[in-house]
Every structure is written in C-alpha cells, then in structure tokens.
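Pulled from Swiss-Prot, these are the features on record:
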- 31, 156, 157, 196, 197, 198, 199, 207, 237, 238, 239: dUMP binding site (BINDING)
- 176: active site, nucleophile (ACT_SITE)
- 199, 293: (6R)-5,10-methylene-5,6,7,8-tetrahydrofolate binding site (BINDING)
C-alpha cells in the first residue's frame, strides 16, 4: 500500500511536468520529423522504500521494462533477443530499412551497434558486431559500480555512463539516458539519472521504472535497501501526436503505487531472471496507446 496521500503521490510530479510542457513548451522540429513541445531541465524524486514508481494513470508495459533491463545487464546489443522474448520496443531501430537509412548496409538486422548494454559492460572495447564474445574486453562499469558500493560506499565516483563519444557514430541511436550516479547513506542505495532527451509520453514512464528497478536490484546484491530514484532531464518533450493522449492521461487520478519484491536471494547481478522480479498490487488505469517516433 502506498504511503502517500493523494496530494503527496509521487506520480503528480510526472503529471505536473506534462502539464507544464503542454502549457509552456516551445515548438521544435526534431530528428524524427514529428515535431515536439519542449522545455529544458526538469527533476523529480521517487521513494523506493515502501513502493515502486510504476505509473498508474496508464498501464505501463512492465514485462518490457524487466526484459529490456536484463538485456542491458547481459551487455546485449541484438534487438532480436528482445523480440524473441515478446518485447518489440527496439524492432524499428534494428530493422533493415532503418539500418540502411543510417548507412549500416553490412550490419545484420537487429544489430543496434554499441548501445547501452555494451557501454555498461564493455566500455572502450572495439565493437565488432553482435554474436561476438566480448568477455574481458573494455571496462565492466556495472561490475565496478557494484564492487565499489560493496567496498567503498562513501565514494563519490559511483557512476555508470553510456555516452561514449567515439562509439556514437556506430550506434543506431545515441543514448538518451546517459549517466547514472549512485549514493549510499544510512544503509540505503539511491540513484540519480541524467537523461539528455526524454519522450514524456512513451519513454519517461519506462525510464523511471527501469532505473528504479536497477537500483532495487543493485541494492539487493549489495545488502542495502532501496532509497530514492532522482530523475533529471535535459530536453523534456512531448511529441505533437501524443498531445491528445496525454491530455486524457491528465484527467486520471493516480492510484497507489505497486510494490516490488524478489522471489529468491540473488548475490550476483548477472543471475537475475525475469521470474525473480515480482511486482505486486499494480492496479493502473487502462493503457493509452501512443505512436513511437522513429
């Protein structure tokens, strides 16, 4: 059960940001040709102590959040792995037509380039395509992060970065969520994410859940408890074809956030399976369909 009253509910931060962009956002043309309303610089904070911030004013694709995060953790850059799990959020970016449009004619369909998972687990390694074993190559930022949390929790350098300038030309899409920093205090693990670009309608509900889940998973393997997730955004935008859907979402009243638990004790981040991650008491409003701009 959520500890928030209606006025204090964490979801109101998201809804207020959406309303602010609708009211005051500047129209900008964008890479996709869709057009956006945009503002620069937002921040929200979500408690992870007694609840899990999966938005309730529409149903969020939870299984997609879980499978994508596990895919990142594996270091995978193959969208076909996600497709095989029934998660198709990267299909368009890995399609033959999209790869050819970017000039990646020799790249296999589904090969996204050195995107998030590769940077998390093999930062600095030379990317040579999917299906290659990169074990021991580059810097395993995720492992280093977890080791530091365990051995030196007061360190102020507990960062994980997906923005590798030399690799960006090889990626189908430069990272949107670029930098996360972790912080330990009083036995609680918190995370702050800096996101350079945020699709408020489709992306942000997913991003909040994904990094909150990552924080809970890292807390579990380091014998800490989850503290807080702080979400800092640069270009926060609403695609113009999402405006009506978001106006509908704004009419809905947030419901209590769900809770998260793990089905078993897991000591290594790589050992988590989808079945280990259990979401309870999620009772959202119905899904609201929005088109993904590519």
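Glycine too: its Cβ is placed from the backbone N, Cα and C atoms.
These numbers come from a predicted model, not from an experiment.
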Legend entry - Distance [Cα-Cα, Å, rounded] between residue 199 (dUMP binding site) and residue 293 ((6R)-5,10-methylene-5,6,7,8-tetrahydrofolate binding site): 9
Legend entry - Separation of alpha carbons, residue 157 (dUMP binding site) and residue 293 ((6R)-5,10-methylene-5,6,7,8-tetrahydrofolate binding site) (Å): 35
Inset, instruction - May I ask for the distance between residue 197 (dUMP binding site) and residue 176 (active site, nucleophile), taken between their Cα atoms and rounded to an integer number of Å? - result: 5
Inset, instruction - Could you check the binding-site residues 31, 157, 237 and say which one's CB has the most other CB atoms within 10 Å? - result: 237
Legend entry - Residue among recorded positions 176, 293 with least C-beta crowding, 10 angstrom cut-off: 176
